[in-house]
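Colleague: Okay, here's the structure, questions in a sec.
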Amino acid sequence: MPDADTTDDPGDLRTPIVAVLGHVDHGKTSLLDKIRGSAVIEGEAGAITQHIGATAVPLDTVSEVAGSLVDPTEFDLPGLLFIDTPGHHSFSTLRSRGGALADIAILVVDVNDGFQPQTEEAIRILKDTGTPFVVAANKIDTTPGWNPNPDAPVQGTYDDQSDRVRSDLDDALYELIGEMSDAGFSSDLYWRVQNFQKNVGVIPVSAETGEGVPDLLTVLMGLAQRYMKSEMEVTIDGPGAGTVLEVKDEQGFGTTVDVILYDGTIRSGDTVVVGAQPEPIVTDVRALLKPGDLAEMRTEKRFGNVDRMQAAAGLKVAAPDLDDAMAGAPIRVVGDRDVADVVTEVEAELAEVAVETGEEGIVVKADTLGSLEALVSALEEAEIPVMSAEVGDVAPRDVAMATTVDSEKHRVLLGFNVDVLPAAAENAERESVRVFNSDVIYQLVEDYEAFVDAQEREQKEAVFDNIVRPARFRILKDHVFRQNDPAVVGVEVVSGTLKRNTPVGGIEGNDLDRAGIVKGIQDQGEDVDEARAGNRVSVSIDGPTVGRDIKEGDELWVDLPEKHAKVLDQELTSDLPADEREALKSYLDIMRKRDPFWGK
């Protein structure tokens with residue numbers, strides 16, 4: 001079998017790893033498709049990438065596409081290796097030893113749509129991981145009146161457009177630059193950027209016509225060559241180090257792992273350690289599979305066997321016992337080291353992304369270690385406790401775990417980029433466990449917070465329905481409709497909420513002298529459950545006789561049970577209207593003159 005290197009003469013410089021990310025339908029796959037010249041997208045449902053993959057684009061191909069913009073003799077780096085994150089997923093933090101897997105990223109933004117939820121999430125994660133990036137402002141060809149110039153550098157094709165078209169595109173581009181500023185990044189059109197370490201370059205492109213693609217490749221190669229060359233220095237012949245992109249069954253090979261190799265060499269027959277749950281897997285490489293340089297790992301139906309692979313490269317590793325391998329986990333070649341030492345190294349790297357969990361909280365599942373870390377970090381920021389956090393689909397045991405919590409608001413499962421197994425969905429419905437599943441981390445956080453808010457609101461409403469509310473009301477002059485059995489009088493509610501079936505009385509000194517119970521309330525002849533401050537209503541009061549126990553002009557209070565007063569004062573004050581808070585405070589002041597600890 002042949003050897004497979006990513007370049008003819010890589011020396012000690014590896015290929016820079018480029019992540020392509022952006023909101024669904026903004027053209028990530030189309031852009032990569034244009035770069036590699038294959039028709040990947042035409043074979044995919046809904047024009048959305050279905051699986052993660054990687055594409056190696058050698059320097060000579062970059063030079064071909066970029067034309068006069070790139071002089072290959074000026075570059076030492078062997079080319080570019082693109083990771084294609086799935087179109088229906090947001091960018092997750094694929095990690096390498098000590099940081100983000102990608103050396104540089106392309107953030108693809110539809111110039112007409114601007115920032116969308118997944119764009120904003122990608123920006124947050126790029127900022128958190130410190131990954132340098134450029135913005136590909138895609139779909140410039142959809143500007144009304146655009147005159148396409150296929151595969152041309154963007155400045156030339158821009159100059160060829162009419163004044164109106166240029167003006168419309170300028171407006172869209174500067175709106176995008178404004179959104180970048182709002183996100184905390186200084187950016188400008190790439191040819192105006194003097195220092196790419198301080199400013200993000202915006203490159204207008206069309207994945208459809210290829211316009212601007214030469215500029216994009218030129219900028220990527222230039223940035224990598226100028227700012228990252230030292231980071232590309234690797235020990236080519238050293239033991240391989242990589243990150244698992246995806247774990248999947250492959251006909252004829254069993255469970256395999258798709259890997260981005262970012263350091264060293266991996267050979268067929270090597271002993272490797274792969275991050276897994278509950279502990280790392282130690283296994284021997286049975287086969288190394290690699291498509292050609294310009295092929296896409298996701299779409300090649302057949303792979304060629306190779307003896308070895310050198311960084312940086314995308315490859316498929318076939319080996320026994322890979323069933324429990326985790327996407328996003330490290331893979332290490334043992335080489336001449338002690339296996340136990342490498343297992344310890346992998347465990348240490350897994351520990352770096354291990355998440356803090358407690359005895360009480362929600363259950364979290366995510367597709368990769370990196371995205372699990374990002375999700376739990378977002379939950380911690382929102383002060384949402386996590387009881388369990390693992391990589392993998394939502395399974396029945398996850399639902400069972402969610403049922404063990406004490407609080408209803410923690411009886412919840414959050415899934416990021418994962419499937420909910422049918423049995424798990426059935427169990428969740430039966431056990432009243434809420435499951436939220438999304439491909440946007442911050443959407444999950446917002447969904448959960450909205451769920452908790454709604455639950456707390458329902459609980460408070462239930463409490464309010466069953467609690468005696470404070471109120472003060474005055475019997476109106478000339479509004480006695482019946483003297484007793486029951487007394488029916490017109491009243492004005494001064495403050496608070498007067499409800500049916502509420503005991504009421506007058507204040508005598510520092511005590512309340514109960515007069516009776518409000519049995520009914522009518523507003524303009526219609527029965528109502530309550531009356532608020534400012535309302536004038538007629539009430540029927542069971543117990544007193546007008547003229548003897550109560551009189552016109554008297555001010556009556558709701559007789560608050562002490563337990564109810566305590567709940568209102570200590571737990572619900574902020575939910576009461578201002579006038580009702582005033583009524584409660586006045587009532588407590590009166591009661592505490594007699595007993596300072598009343599309602600405490």
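Just so you know, glycine gets a Cβ as well, placed from its N, Cα and C.
What Swiss-Prot records for this protein is below:
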{"type": "DOMAIN", "residues": "13-228", "note": "domain 'tr-type G'"}
{"type": "REGION", "residues": "22-29", "note": "region 'G1'"}
{"type": "BINDING", "residues": "22-29, 84-88, 138-141", "note": "GTP binding site"}
{"type": "REGION", "residues": "47-51", "note": "region 'G2'"}
{"type": "REGION", "residues": "84-87", "note": "region 'G3'"}
{"type": "REGION", "residues": "138-141", "note": "region 'G4'"}
{"type": "REGION", "residues": "140-162", "note": "region 'Disordered'"}
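Structural setting of the listed features?
Modeller: The secondary structure of Gly22 (GTP binding site), as reduced to three states from DSSP, is extended strand.
In the predicted model, residues of the region 'G3' (84-87) average a pLDDT of 52.
Here the region 'G4' (138-141) has long-range neighbours at 26-27, 30-31, 108-112, 148, 154, 169, 204-209, 211-212, meaning same-chain residues at least 6 beyond its ends whose C-beta is under 8 angstroms from one of its own.
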Colleague: Around Ile140 (GTP binding site), how many other C-beta atoms are within 10 angstroms of its C-beta?
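Modeller: Excluding its own Cβ, the number within 10 Å is 26.
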Colleague: Give the residue counts of the region 'G4' (138-141) per reduced DSSP state, in the order helix, strand, coil.
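Modeller: Summed over the region 'G4' (138-141), the classes give 2 helix, 1 strand, 1 coil.
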